[in-house]
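*Asks:* Pulled the feature table from Swiss-Prot, pasting it below:
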ACT_SITE  D12  active site
ACT_SITE  E72  active site
ACT_SITE  D147  active site
BINDING   D12, D147  Mg(2+) 1 binding site
BINDING   E72  Mg(2+) 2 binding site
Amino acid sequence: MSPKERIIMGVDPGTILMGYGMLHVVGNTPRLMAMGVIRLEKFDNHYIRLKRIFDRITGLIDEFLPDEMAIEAPFFGKNVQSMLKLGRAQGVAMAAALARDIPITEYAPMRIKQAITGNGNASKEQVAGMLQRYLRIPDEQMLPEMDATDGLAAAVCHFFQTSGPMARSGGSAVKNWKDFVNRNPDKVR
C-alpha cells in the first residue's frame with residue numbers, strides 16, 4: 001500500500017503581489033512543488049486585480065490539483081482601506097478554491113511564523129531561511145519576493161497542523177523549533 005499523498009496550496013493574499021506555494025506530501029514527508037507570486041502592480045483598477053487573482057488562482061488549482069488550501073488571514077495593523085482591499089483579495093482567492101470544492105483553512109500570520117520558526121514575531125527573512133533549510137530548497141529556487149515564501153509558509157504550517165505527530169496523537173502543539181526538532185529528528189539534518 002502506498003503512503004497517502006496530498007497537495008497543499010498555501011496563499012499569502014495581497015493586492016500588489018500575491019504569494020503562493022505548492023507542497024506535495026507523501027505519507028508524512030513534504031516536498032516543494034512550486035512557489036511564486038502573482039504580480040498585480042500593473043493593474044490600476046482594483047476590480048481588474050480581483051479578476052486577475054481569481055483567474056490565476058483558478059489556473060494554479062487546475063495545474064497542480066491541490067487537495068487543500070491554507071491561506072494567511074489579513075493582518076489587522078493596516079489602515080481600513082488597505083484591510084478592505086486585502087480582505088477582498090483573500091475572499092477572491094478563497095472563492096476560486098471553493099469553486100473547485102477545495103477545503104480552506106485560514107491561519108493568523110503569527111501562527112504561521114510560530115509554526116515555521118518557533119517565534120510568532122519572526123521576520124520574513126527568518127521564515128524564508130527556515131523553509132529553505134526544512135524543505136532543502138536550493139538557493140537558485142529561492143525567490144527575491146518574500147510573498148512567495150509567505151505563501152509556502154502557510155502550506156507548511158497547515159502540513160504541521162494536520163500531519164505532525166501532535167496532530168496524529170492529539171497531543172500538545174509544538175512550542176518552538178527546538179521542541180519540533182526533538183519530536184521530529186528524522187525531519188531535520
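The backbone N, Cα and C atoms fix where each Cβ goes, and this holds for glycine too.
Tell me about the setting of these features in this model.
*Replies:* D12 (active site): 27 other CB atoms within 10 A of its CB, across all protein chains.
For E72 (active site), the same-chain residues that are 6 or more apart in sequence and have a Cβ closer than 8 Å to its Cβ are V11, D12, P13, Q90, E106, Y107, A108, P109, I112, D150, G151, A154.
On its own chain, D147 (active site) has D12, G14, L17, M18, G19, V37 as residues at least 6 apart in sequence with a Cβ closer than 8 Å to its own Cβ.
Annotation note: D12 (active site) sits in a strand segment as assigned by DSSP.
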